[in-house]
Amino acid sequence: MFAKAFRVKSNTAIKGSDRRKLRADVTAAFPTLGTDQASELVPGKEELNIVKLYAHRGDAVTVYVSGGNPILFELEKNLYPTVYTLWSYPDLLPAFITWPLVLEKLVGGADLMLPGIVVPPAGLPQVQKGDLCAIVLVGNRAPVAIGVAAMSTSEMLTSGLKGRGFSVLHTYEDHLWQSGDRSSPPFIAPLTPDPPHVSEEQDDMRRLTLEGKEEENGEDQQMCGQKTLPEASEDPGNGGLNPDPADSKTLQEQMDELLQQCFLHALKCRVKKTDLPLLTSTFLGSHVFSCCPEGRQLDIKKSSYKKLSKFLQQMQQEQIIQVKELSKGVESIVAVDWKHPRITSFVIPEPSPTSQTIQEGSREQPYHPPDIKPLYCVPASMSLLFQESGHKKGSVLEGSEVRMIIINYAKKNDLVDADNKNLVHLDPILCDCILEKNEQHTVMKLPWDNLLTRCLEKLQPAYQVTFPGQEPIVKKGKICPIDITLAQRTYNKKVTVVRNLEAYGLDPCTVAAKLQQRCQASTTVTPDPGAKDSLQVQIQGNQVHHLGRLLLEEYQLPRKHIQGLEKAPKPGKKK
């Protein structure tokens, strides 16, 4: 919930009556907290503030701040403790144990999946679906996150610890924690010194399987590779490399070797000439990670390269591959020298049966459509209308923000008609901003809906696109839809052409391969003559129906972002 920055609406000192009510609410919400502890958490005289804010997804949240730290937050009339509070009262909530590697993903906005849970010797705490729980790390009882159980303990065990375990609300290092003094979790010794028990079943499936709410960079999202986590007796932060004490190589050097091994393995065994051009993200997710040996975890961030792009630049300098930016901000491998000595001399390591199963299962990362949100940009002609609210030319706003600014402007300047609240008088600024020249002296007032519609139409279009695991990208103008057309070729043969797939994070080569299988028709990927550095897919025959099912049903893209679906052949009509 607080993985991204929030917007503060107000910050006021709490009243005496509200303070007493809050203390009573705390006692009711957390019965294990005694009266003295509740009075300690919500002090009678010390400074206590109420901060009202909007989370990045629009949720209205009330935060209670004491001594500069957020101690509680309220969402939809439910009260939740922050990690600062739980460090003082670690037994306030039932606690579930996970690995340090998992915390990084939780901070990014991911939910906690059951395979990431560690079962202690005493077993899992008994909870019901919807119960509030704390999440702690192996070896320390200080909570690092809170979440709501997605199922009861008995259901967790019945499922074999598979599926979503907890919807995470707040974590150490998120923006709510950052609003406090940013102190680190204290060390609170576990109740039992015994090592956590890992069942055979959990040992087989224990992976870092965190659901796709992740808010990290897309390149970093794939760098965890979803390989087996280290054993409890190992250091979970070493990337599963398990270095021999006698080995003098540093962790970074070992990770460099592992990265190069997986890279060469992928080129020698997985990538074919027909796959080119190949998106670098697809190359990493579908080919490189699947070549990682069983029991090891490839993490590019722990290599000397830090980023995939830097590593590929190095490989390009060695003339193994050629990388080009075929569309803005999206790099692809366009050529591979399979006769290069490093590829020809590479010896493929013998995989174990288990690792073969893992590799087969991780060949292709599932596609998730981007979240596309329309925005509005303030032009110079409307800057006067928005400057009172602190915005200027070029400011980018959501539609709801624009509506609120106009409503506040009208109310602040007493423009609402006294006799008819549905009408708004137009002052000189509104007239200049939204009226046409021939209306300047004839239109004196407008209904609210007409006023707001005109205002939105006068603003410049923009949009925000967010790919799973990546930071939002804001662009001016309107996003171009995926364009499907039919073209006539020699001998009166029809072909289906689809363009602009890259804008939605789709690899044209992958789409072409899927369509070739579905349609049993030849497909080609060629440069799009109507767009610079973009590719188009051509499929023999009228395949709009198959293409529509692929985009709408499998890729889950909204219909409004696809143009040309009406060109599908009518039932009974020859393609």
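Positions of Cβ are set from backbone N, Cα and C atoms, glycine also.
Here is what TrEMBL records for this protein:
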COMPBIAS  197-212  compositional bias 'Basic and acidic residues'
DOMAIN    374-458  domain 'DM2'
DOMAIN    482-555  domain 'SUI1'
REGION    179-248  region 'Disordered'
Within the domain 'SUI1' (482-555), residues counted as helix, strand or coil by DSSP:
29 helix, 24 strand, 21 coil
On the 0 to 100 pLDDT scale, where does the domain 'SUI1' (482-555) sit on average?
84
For the domain 'DM2' (374-458), the number of residues DSSP places in helix, strand and coil:
43 helix, 13 strand, 29 coil
